[in-house]
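Asks: For reference, the structure I am asking about is given below.
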Amino acid sequence: MAELRSNMITQGIDRAPHRSLLRAAGVKEEDFGKPFIAVCNSYIDIVPGHVHLQEFGKIVKEAIREAGGVPFEFNTIGVDDGIAMGHIGMRYSLPSREIIADSVETVVSAHWFDGMVCIPNCDKITPGMLMAAMRINIPTIFVSGGPMAAGRTSDGRKISLSSVFEGVGAYQAGKIGESDLQELEQFGCPTCGSCSGMFTANSMNCLSEALGLALPGNGTILATSPERREFVRKSAAQLMETIKKDIKPRDIVTEKAIDNAFALDMALGGSTNTVLHTLALANEAGVEYSLERINEVAERVPHLSKLAPASDVFIEDLHEAGGVSAALNELAKKEGALHLDALTVTGRTLGETIAGHEVKDYDVIHPLDNPFTEKGGLAVLFGNLAPDGAIIKTGGVQDGITRHEGPAVVFDSQDAALEGIINRKVKEGDVVIIRYEGPKGGPGMPEMLAPTSQIVGMGLGPKVALITDGRFSGASRGLSIGHVSPEAAEGGPLAFVENGDHVIVDIEKRILDVQVPEEEWEKRKAEWKGFEPKVKTGYLARYSKLVTSANTGGIMKI
């Protein structure tokens, strides 16, 4: 084991004041010289994915003490994307990732901890902590709060939060009654935990396993299961072994590990937000990773599992089918799909970790010889509308749809788009453009779950494409293309599209184009008056000045 970092605040005559303060915080004489462990929690009452994490913090601290460490718990902030959806609150969601990363870095660096247990769960909390772990680079393990169970309607049908969002659109279109919508609302979110489909939170918690920063089960063991509590205890104990081996996050998160994470993402059809967060993570880890490389992973990794919202199969079903380890083990049978020699938090390789984890239900995790598609469930599109790339969750697109072209219907905000969709300004065959909603323009790159849910609920899901420099909830599905870079607020091509322009989306060829004569296009660019920031005070004003487009991970640069 390397020399303890905490010696900086515990050893020597001149550290007597430091020890005095530590004694006041409950540290005993025999604790000096033991590893000091940061227990980075994210308990918060208003977020259902986090309401139970106070208990998990206690389990972690108990396990750390039993293993010979001294735990110190602190908390980060958290935003519930579902509650923040569809109003100004969503502007704070992605920016909260940076606050979380900065706050974790601040607490851990100021107090010279020797190791860290991160207890995240929901959308921006997991990536925020991952980014911080890369910056600090001390032995760290991730243990998420776990997913909630799927809801069930009175007729036994499984549902999730996305069912409720889409239910609003269905109700407004006259497809269901008020009592049907009330039932969806009542039963859509039945327990604590991260929402029950392959949405952003669960995608990132599953990817933490593939990255090697979490033990098997992190992404799929239900929040309410006794198995989850035992998993939390086991993970905390593992950290103490990781400290002895001096394995740090940057030893684990290499180019190979990021390939493995995206391979899992492709196999499970994860949220498009994983691209945004993993690119930000790579930046913090000092790993250069391009969008083109993501397409290369998609070319060699098949789509093996179609989970909610793209189907009625939920995270609990994935767990029963063998979980992430079984999915990875199935992928490992294809040469070149994974880097099996990648290091994990235990000191074992990924190959050693997943060995023996067989698929228990091939209806949930398809075999290699019968994938949903030969290419992975995410794709990066390029073209004159997205010179620096755009993202589509191909795993959420209806089977058989690989191309869409039609006239643009342009909106300068999500609110305007939602109003236009509700008022039937969007019809079959259209391409909805929602711009000035990127990291800088939003600001905060808000999610477009309300418009996509409205489109699906009205029965237009397979018949309308939606393109935006904003992003999508993991609960979104259909022809939803987001993360268009550069964004409109930076003078990206979306800023120059007009109603009626012919737009082409070709998933197979990875193309996103608009057909406008070059002379006309240059005229529009010359006439563009620039972007006036929507927020001029507070954190969002500072954020919008420093944030970059989605192709960089939406990171902040000075």
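Yeah, the Cβs are placed from backbone N, Cα and C, and that goes for glycine too.
The following feature annotations were taken from Swiss-Prot:
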- D81, D123, K124, E447: Mg(2+) binding site (BINDING)
- C122, C195: [2Fe-2S] cluster binding site (BINDING)
- K124: N6-carboxylysine (MOD_RES)
- S473: active site, proton acceptor (ACT_SITE)
Asks: By CA-CA distance, flag whichever of C122, D123, C195, E447 among the binding-site residues is nearest to the residue listed as 'active site, proton acceptor'.
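Replies: Closest by Cα: E447.
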Asks: What is the separation, in Å, between the Cα atoms of E447 (Mg(2+) binding site) and C122 ([2Fe-2S] cluster binding site)?
Replies: 15
Asks: So what sits near D81 (Mg(2+) binding site) in its own chain, CB-to-CB under 8 Å and at least six residues off in sequence?
Replies: M90, S93, C122, D123, K124, T200, E447, S473
Asks: According to DSSP, does D81 (Mg(2+) binding site) sit in a helix, a strand, or coil?
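Replies: Once the DSSP labels are grouped into three classes, D81 (Mg(2+) binding site) ends up as helix.
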Asks: Looking at the binding-site residues C122, C195, which sits with the largest number of other Cβ atoms within 10 Å of its Cβ?
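Replies: Of the binding-site residues C122, C195, the most buried by Cβ count within 10 Å is C195.
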Asks: Counting across all protein chains shown, how many other Cβ atoms sit within 10 Å of the Cβ of S473 (active site, proton acceptor)?
Replies: 30
Asks: Take the mean position of the Cβ atoms of D81, D123, K124, E447, the recorded Mg(2+) site. Which other residues of that chain put their Cβ within 8 Å of it?
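Replies: Neighbours found: V79, A84, M90, S93, L94, C122, T200, A201, N273, S473.
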Asks: Across all the protein chains here, work out how many other Cβ atoms are within 10 Å of the Cβ of E447 (Mg(2+) binding site).
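Replies: Result for E447 (Mg(2+) binding site): 32 other Cβ atoms within 10 Å.
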Asks: What does DSSP say about E447 (Mg(2+) binding site): helix, strand or coil?
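Replies: Going by the DSSP assignment, E447 (Mg(2+) binding site) falls within a strand, counted as strand.
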Asks: Enter the number of other CB atoms within 10 angstroms of the CB of K124 (Mg(2+) binding site).
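Replies: Within a 10 Å radius of the Cβ of K124 (Mg(2+) binding site) lie 30 other Cβ atoms.
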